[in-house]
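What TrEMBL records for 6-147 is domain 'Aspartate/ornithine carbamoyltransferase carbamoyl-P binding'. If you look up TrEMBL, you'll see 57, 58, 107, 135, 138, 267, 268 marked as carbamoyl phosphate binding site. What TrEMBL records for 86, 168, 228 is L-aspartate binding site. The domain 'Aspartate/ornithine carbamoyltransferase Asp/Orn-binding' annotation in TrEMBL covers 154-302.
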Ligand code: NCD
């Protein structure tokens, strides 16, 4: 198998064969973790965890992944505690990081920043979210979650509900799903619909989609993937205030579904997913967060070229 990705910068870089390989390797990693055999695989390796934007799950799960493999972590959180606040360029910061660590994970508010970071150094760089651009490792863990929960991907119908315009997890996951025979309902207020570039990117692939502003479409879906409205990305805050309550998935809607609709959410949630869904077996978002650790353990090993 010719999986050759050192950097993980966006989801366009993956072929269907890469995805099959990643799913198989993640399953193997899950098995090693269950048998307590994963610790030590990355002993002696150092991860630089560079988070210039808010994060709970992504940062903690990357750091947990590295530590669970016996590697270690150095980190910087937020601009105010890094020399970027003194005017240092991302290029110079990365040159330093390269001197200290074996691999870097970066989250940054500017679209395309992880590519700039990767261009500056020879160590592997993983994009943990670049503004409203992409979040490829979230998409890979989402893909693994769907396959684990449903046992397959081909033939599924999925609803994407929420901020399809600014939601980078959606941009990345849709790009991966285009390799499968799935049908998507893209459900959002018209102001927050999926950008044309992502729709165009689906052409020529087995995926099909339709746009809708009717949340009841979830009744026809195997998966409902909900996201929060990305408040921090709105140029005009009044527009956010106007749209922030425009949809909400709740228990009643899920129980009325004709299918066993599994609910996913990359989290954090704000107004768009009612907590009354949490106690349904369909609520898979906390399991999804857990799959994030084994997914990232797998990606760290592969990017570092360490076999397991
Ligand atoms: C997402 C992100 O940061 O893009 N969260 C995550 O990584 N799990 C989703 C979001 O912030 O809405």
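Glycine too: its Cβ is placed from the backbone N, Cα and C atoms.
Quantities reported herein were computed from a predicted structural model and do not represent experimental measurements.
By the rule that a residue counts when its Cβ sits under 6 Å from some atom of ligand 1, the binding-site residues 86, 107, 138 yield 138. It is 168 that, of the binding-site residues 57, 86, 168, has its Cβ surrounded by the most other Cβ atoms within 10 Å. Ranking the binding-site residues 86, 168, 228 by Cα distance from residue 58 (carbamoyl phosphate binding site) puts 168 first.
With respect to their backbone Cα atoms, residue 86 (L-aspartate binding site) and residue 135 (carbamoyl phosphate binding site) stand 27 Å from each other. Here the domain 'Aspartate/ornithine carbamoyltransferase Asp/Orn-binding' (154-302) has, by DSSP, the following mix of helix, strand and coil residues: 60 helix, 25 strand, 64 coil. Secondary structure at residue 135 (carbamoyl phosphate binding site), taken from DSSP and collapsed to helix, strand or coil, is coil. Of the listed binding-site residues, namely 107, 135, 228, the sparsest Cβ surroundings within 10 Å are found at 228.
It is 15 Å from the Cα atom of residue 57 (carbamoyl phosphate binding site) to that of residue 228 (L-aspartate binding site).
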